[in-house]
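Asks: Before we start, here is the structure in question, set down as structure tokens.
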Amino acid sequence: MKNPEAQQDVSVSQGFRMLFYTMKPSETSFQTLEEVPDYVKKATPFFISLMLLELVVSWILKGKPPGRLDDALTSISAGVLSRLPSLFFRSIELTSYIYIWENYRLFNLPWDSPWTWYSAFLGVDFGYYWFHRMAHEVNIMWAGHQTHHSSEDYNLSTALRQSVLQIYTSWIFYSPLALFIPPSVYAVHLQFNLLYQFWIHTEVINNLGPLELILNTPSHHRVHHGRNRYCIDKNYAGVLIIWDKIFGTFEAENEKVVYGLTHPINTFEPIKVQFHHLFSIWTTFWATPGFFNKFSVIFKGPGWGPGKPRLGLSEEIPEVTGKEVPFSSSSSQLLKIYTVVQFALMLAFYEETFADTAALSQVTLLLRVCFIILTLTSIGFLLDQRPKAAIMETLRCLMFLMLYRFGHLKPLVPSLSSAFEIVFSICIAFWGVRSMKQLTSHPWK
């Protein structure tokens with residue numbers, strides 16, 4: 001029998017306690033995997049609430065927002081892309097875990113025991129530490145994780161900048177738990193470990209006193225996101241910072257942190273944000289002579305090269321001055337307003353798609369996913385001021401009208417159905433004219 005809580009909304013108290021990992025074992029222990037709520041999905045309104053609170057606090061304390069609009073849109077875009085595969089497949093982190101549990105478990109810990117709950121808490125957090133560390137020390141794993149580090153801002157939207165690829169290696173580090181921790185208990189802590197890490201992506205919280213000794217905090221995680229030399233490969237913790245202190249990877253925040261990749265990618269285009277390092281590995285692999293050197297390109301650190309230590313040379317990491325200017329869009333304010341409106345519409349269709357997944361045909365589901373990806377890519381092109389941005393936006397608006405006409409996209413407000421068609425027809429005409437100018441003369445700026 002399914003637990004009613006799996007279908008119910010969480011209270012305000014539960015929502016914030018989910019984010020701070022303070023839910024009690026008695027209210028988060030379930031006998032079967034099917035009973036486990038989708039805590040990440042239920043946390044969405046609390047993500048939004050904290051992001052708005054961060055905005056207000058930042059204005060009060062610093063007189064400015066906590067980040068830039070174009071960077072925030074790119075971070076949320078990455079989060080959207082990372083969740084799209086779950087529309088078609090069950091998470092590999094769960095699938096692999098269930099397989100090991102059903103075929104190779106050594107013994108069963110009771111699912112309703114607080115000791116099992118706390119053991120899973122420690123086990124998942126320990127597994128996360130080692131996954132996270134390897135995601136920085138193994139180049140092919142860094143190809144996925146670098147997405148999260150590509151933001152040059154550090155705020156709550158940065159927490160949403162997730163990788164499409166990362167999940168395909170992270171499951172390995174949690175697999176040993178399947179020898180004795182029931183899948184339902186694991187699924188709870190896998191979500192809570194992720195949710196906890198949302199609120200630590202902020203600059204509006206300074207030092208948390210004694211909690212800094214035990215927990216991963218905004219201060220500790222700011223160091224992890226820094227590209228200063230003293231920040232590189234430090235503070236891998238998920239929840240407990242003690243792992244870094246035990247294994248020698250801890251570093252306290254002691255100077256202004258400059259965020260982002262050591263070699264910034266300077267784009268807001270989400271596909272490039274996700275996959276650019278894979279192309280870099282591919283190019284380096286073929287340019288590097290020798291079988292063992294090629295092997296090392298894939299499995300040693302991102303900074304490795306022939307004749308260098310496994311993790312590369314720290315002196316090759318570019319120095320920072322603290323005066324670095326983050327990459328920003330040169331688009332007009334009017335264009336930014338347009339992208340925000342289109343992004344908001346896409347999010348509405350995205351949420352509706354997840355809510356109605358069971359009722360949608362595979363064709364409709366696939367077309368919606370294609371539209372979402374095209375929308376995110378087109379917005380990235382517009383913010384980057386790419387030469388072919390107008391052409392892509394024309395095609396995107398045309399696709400919207402076609403999906404709308406053939407019933408693959410529902411009107412968000414039925415009474416405004418005609419208005420939507422008129423607005424998108426105008427957009428097609430506008431961007432179509434821009435496209436013709438691009439094709440016949442110079443790129444539009």
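Any Cβ shown, glycine's included, is placed from N, Cα and C.
Annotation comment: Swiss-Prot describes 43-63, 111-131, 334-354, 363-383, 413-433 as transmembrane segment, evidence class sequence analysis. If you look up Swiss-Prot, you'll see 120-249 marked as domain 'Fatty acid hydroxylase', on the strength of sequence analysis. The annotation motif 'Histidine box-1' is assigned in Swiss-Prot to 132-136. Under the heading motif 'Histidine box-2', Swiss-Prot lists 145-149. Here Swiss-Prot flags 221-225 as motif 'Histidine box-3'.
Looking at the shown structure, can you explain where the listed features end up?
Replies: The average pLDDT the prediction assigns to the domain 'Fatty acid hydroxylase' (120-249) is 98.
With a threshold of 8 Å between CB atoms, the same-chain residues lying at least 6 positions outside the motif 'Histidine box-2' (145-149) that come near it are 78, 132, 135-136, 158, 161-166, 225, 260-261, 273-274, 277, 302.
Nonlocal intrachain contacts for the motif 'Histidine box-3' (221-225), taken as residues 6+ away from its ends with a CB within less than 8 angstroms of a stretch CB, comprise 149, 154, 158, 197, 200-201, 203, 231, 234-236, 251-253, 257, 259-260.
Sequence-distant contacts of the transmembrane segment (334-354) (same chain, at least 6 residues past either end, Cβ-Cβ under 8 Å): 41, 69-70, 73, 76-77, 80, 83, 87, 360, 365, 368-369, 371-372, 375-376, 379, 382-383, 409-410, 412.
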Asks: Six or more residues beyond either end and a Cβ under 8 Å away: which residues meet both conditions relative to the motif 'Histidine box-1' (132-136)?
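Replies: Tertiary neighbours of the motif 'Histidine box-1' (132-136) are 142, 144-145, 166, 169-170, 173, 233, 236-238, 247, 249, 301-302.
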Asks: May I ask for the residues of the chain that lie six or more residues beyond the transmembrane segment (43-63) and have a Cβ under 8 Å from a Cβ within it?
Replies: 15-16, 18-19, 155-157, 160, 195, 198-199, 202-204
Asks: I need to check the long-range neighbours of the transmembrane segment (413-433): which residues 6 or more away from its ends have a CB within less than 8 Å of a CB in the stretch?
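Replies: Residues packing against the transmembrane segment (413-433) from afar: 390-391, 393-394, 397-398, 400-401, 404-405.
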